[in-house]
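Asker: Structure provided below as structure tokens; questions to follow.
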Amino acid sequence: MRPARTALCLRLTLALGLALVGPMAVGWASARAPIYVSSWAVRVSQGYQEVDRLARKFGFVNFGQVGGTQIDGRRREDIFPDGQYFHLRHRGVVQQSLTPHWGHRLRLKKDPKVQWFQQQTVQRRVKRSLVVPTDPWFSKQWYMNNEMQSDLNILQVWSQGLSGQGVVVSVLDDGIEKDHPDLWANYDPLASYDFNDYDPDPQPRYTPSDENRHGTRCAGEVAAMANNRFCGAGVAYNTRIGGVRMLDGTITDVIEAQSLSLQPQHIHIYSASWGPEDDGRTVDGPGILTREAFRRGVTKGRGGLGTLFIWASGNGGLHYDNCNCDGYTNSIHTLSVGSTTQQGHVPWYSEACASTLTTTYSSGVATDPQIVTTDLHHQCTDKHTGTSASAPLAAGMIALALEANRPAGEALAPIPILPVMHVRKNVSACAGHANSIRSLEHVQVQLSLSYSRRGDLEISLTSPMGTRSTLVAIRPFDVSSQGYNNWIFMSTHFWDEDPRGLWILGLENKGYYFNTGTLYRYTLLLYGTAEDMTARPSGPQVTSNACVQRDTEGLCQECHSPAYILGHLCLAYCPPRYFNHTQQAVTAGPGHSAVPAMRVCSSCHSSCYTCRGSSPLDCTACPPQSMLDEQQGSCSGLHPAEGHSHSTATACPYPHGPAQAVVLSLLAMAFGTPPPLPCSPHGLPAAMDGTP
């Protein structure tokens, strides 16, 4: 149920592992070391005779050219036209090994006729068929196991390899049982805090009546582990989950604001299932500090993309309550979620109101099935009810959508880490758009990688202006083999630099020669300002009492200098889609009255977002889905992503405004509609994430 002022669902999901990991994998266990086989790919330009000589010399068996297909008994057709790549095997090498064969590596490396070689490794690939978790209670999860015709479409989304990786969800409530068998692997301490006792541990307070079970139940709906043969599965079972304990004590405006402001650049989605009394006579909402927390979240959270606040709409239907009298669900900054029963009926507790954005499944009458999730004391339950159960389902679906909406540059193929490795990425920093960056402040690098001895790996970042910053030097006492799991490194060494150009991520083994590792994800995040940020206010400023003369229709004919005329307004500067210029004065003549020179805002060409004139070649910035040709001054269609597929760079916010504007498409994906990929200029991701 949704207790009045005593229950809050905050769920936090963070990327855990491989971008191409199959949906059956759970957590960081997916980041396994490469398995080497007894095959080599070799490039030799001299052809068959030279390869046969090489094979006899080192004991290989020559299986012929890579890509060669036999057309008849004699003639072959080569997919690689130069015919220089060959497939060799060695019968004296074990079929599978966790380490490469160093003897053959040295022999091939010394041979002057060998231009390139690579010992082959097992590529982990899965068939993207419909995957059904093995968890014993998944059969009870009727709302997503295809038991009913119009379920939440979760299995189909999982079959696309989506499981919530890269997304952080936090549940604001009465705490979460972080050591629960279905939650511990996804638990994220950075997305968690106890604001009742002011300590980092969100573990709930246990009582004989177990009244503090609400947050744990909400968290399990989002991020319960899959395929661990326990309970059921969360909607986004590979997200990182956090919990905020804030409802088990005195609740104040300060505590609510602190909870909603926890780690806004780390947490993507906050899930809350609480609010004022649902008694049909209360009209109440957030205080001053909480309203400010909402505003800052949607404008500055999630790297400028906007925090997503998911809110249960309320359970006061029996009292004829209306959720528009609840200032939390009625806020433009929250996504209000109602409930529907298994039969698609309006449940008895539902509150009707215009602010509800969507509904998901929950309980109905006593005989209807309810929601399966985690429970206190390391248990499971199939009795979670009300809109409290609906909101976390929506949070999980949005987490899947955020993962799906990452640009292709972040759907990564794992890359083996070489002894010295440089990952290059060209960055435009949203040049030509309203939120471009010309002067850097903070720079972050988010990395997911495995390494056999983490402390031996030095990581650096070099800017386009040549500044090299060591993100982490060797740490002799760090012998962990866990690597970095979406760890964010920050540097201030690039302050005031121009970020546009080639960035280089450096990875170098400074320790044991036989160290190995794999790079799974690399995201570059840039923070800074435009050059004229301090000189220009945040929006067009109306200059009051600046109009000197108006015509009969109320349109301004003359403004006090230096204001510009736009319709009936006098503005300090012209808004997007307009440019400022001065119309020439017209002297009086026969039959014509004199017209003074006027400073006016005139329309840009329809293809431009900002411009310096009315021509299509006068654009200075382009609308979303378009790209600026700076030399021509024109806007063209969507530009394909640039750079290496194994890196991303995020600089500018989502071009379509607040986070709420994106969510309809996110929910549509989870309900079966193909998700739109949010585009940002020059192929850069509009979400971390990626997301996520």
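Heads up, residue numbers simply count up from 1 along the chain you see.
For all residues, glycine too, the Cβ spot is worked out from N, Cα and C.
Note that TrEMBL annotation is computational and uncurated.
Feature table excerpt (TrEMBL):
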type: ACT_SITE; residues: ASP173; note: active site, charge relay system
type: ACT_SITE; residues: HIS214; note: active site, charge relay system
type: ACT_SITE; residues: SER388; note: active site, charge relay system
type: DOMAIN; residues: 390-532; note: domain 'P/Homo B'
type: SIGNAL; residues: 1-19; note: signal peptide
Asker: What's the CA to CA span in angstrom from HIS214 (active site, charge relay system) over to ASP173 (active site, charge relay system)?
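Answerer: Computed Cα spacing between HIS214 (active site, charge relay system) and ASP173 (active site, charge relay system) is 7 Å.
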Asker: Please work out the number of neighbouring Cβ atoms within 10 Å of the Cβ of ASP173 (active site, charge relay system), leaving out its own Cβ.
Answerer: 36
Asker: Could you tally the C-beta atoms, other than its own, that fall within 10 angstroms of the C-beta of HIS214 (active site, charge relay system)?
Answerer: 29
Asker: Could you state the whole-number distance in Å separating the C-alpha atoms of SER388 (active site, charge relay system) and ASP173 (active site, charge relay system)?
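Answerer: Here the two Cα atoms lie 11 Å apart.
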Asker: Enter the number of other CB atoms within 10 angstroms of the CB of SER388 (active site, charge relay system).
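Answerer: So the Cβ neighbour count for SER388 (active site, charge relay system) comes to 31.
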